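Written out below as structure tokens is the structure these notes cover.
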Amino acid sequence: MITHPQFDPVLISIGPLAVRWYALSYILGFILFTFLGRRRIAQGLSVFTKESLDDFLTWGILGVILGGRLGYVLFYKFSDYLAHPLDIFKVWEGGMSFHGGFLGVVIAIRLFGRKHGIGFLKLMDTVAPLVPLGLASGRIGNFINGELWGRVTDINAFWAMGFPQARYEDAEAAAHNPLWAEWLQQYGMLPRHPSQLYQFALEGICLFTVIWLFSKKQRSTGQVASLFLGGYGIFRFIAEFARQPDDYLGLLTLGLSMGQWLSVPMIVLGIVGFVRFGMKKQH
């Protein structure tokens, strides 16, 4: 079993100011978005100009941050924040939701499109290929922080990793499993899936490769966005089987996690949209 490297979450500290790796992962994501967006403009595969791309980035950042935070509040810890509403603003304590951030960006796309006279689906198609590498960057940030670890796996598995931050969860899990209790006593940690890296590979690298290659040719309006929607939903659904469910929610109906249930409508809408828009092209 490998032990998580235990990176210092703070990259640079100057007096009271601290630059954290997780914040840097978001910044890197936005930089990659801009770089890829300009490349698509040069290739003639974008509805953006260089100026409008920079303008949209501001809208997108607001959508990601506000949507991600509100999504986490509503989807994951609503009762806690209802009792302590001021905690909503304590973003430095963590708590962001991809699905909330996605909805925030969709709203930003809608508003931006109306302002600039760009069709909603065309703008969605343009934005979709620019997103996955940012998601990959965010998952690396999660890994550096040693958060969002995976479920318990076999002690002899080559991918098994111990997370010191999970000791409370390890003790709770071992209390219900004699074998895990032996492992915990012997190694001080339970072997877990490094699910952040799985999500980095699936939702980041694989999704980017599929969408980037697919969108290099002219496609029916809405197909690229649908591929992103369904592709992310499928990859997230798969990765969630290795990811530790949120301790305050656990597994829900049919033994699925909140992340999986939130991904189901993405999968359905993505598949339906991909087929429907593809049929329009054929006619």
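Using N, Cα and C of the backbone, Cβ positions are placed for all residues, glycine too.
Sequence annotations record features per position, and here Swiss-Prot assigns transmembrane segment to 17-37 (among others) based on sequence analysis.
Residues or ranges marked as transmembrane segment by Swiss-Prot: 56-76 (among others). Non-local neighbours of the transmembrane segment (56-76) in the same chain are 26, 30, 33-34, 48, 88, 91, 95-109, 111-112, 127, 246, 248-249, 258, 262; each lies 6+ residues outside the stretch with a CB under 8 Å from one of its CB atoms.
Remote same-chain partners of the transmembrane segment (88-108), defined as residues 6 or more beyond its termini with a Cβ less than 8 Å from a stretch Cβ, comprise 56, 59-60, 62-77, 81, 124, 127, 131, 135, 147, 236, 259, 262-263, 266. The transmembrane segment annotation in Swiss-Prot covers 88-108 (among others), and the record cites sequence analysis as its basis.
Among residues of the same chain six or more beyond the transmembrane segment (222-242), those with a C-beta under 8 A of the stretch's C-beta atoms are 98, 121, 124-125, 127-129, 131-132, 135, 150-151, 153, 193, 195, 198-199, 202-203, 206-207, 210-211, 214-215, 256-257, 259-260, 263-267, 269-274, 276-278, 281. Look at Swiss-Prot and you will find 222-242 (among others) tagged as transmembrane segment.
The transmembrane segment feature in Swiss-Prot is assigned to 255-275 (among others); the stated evidence is sequence analysis.
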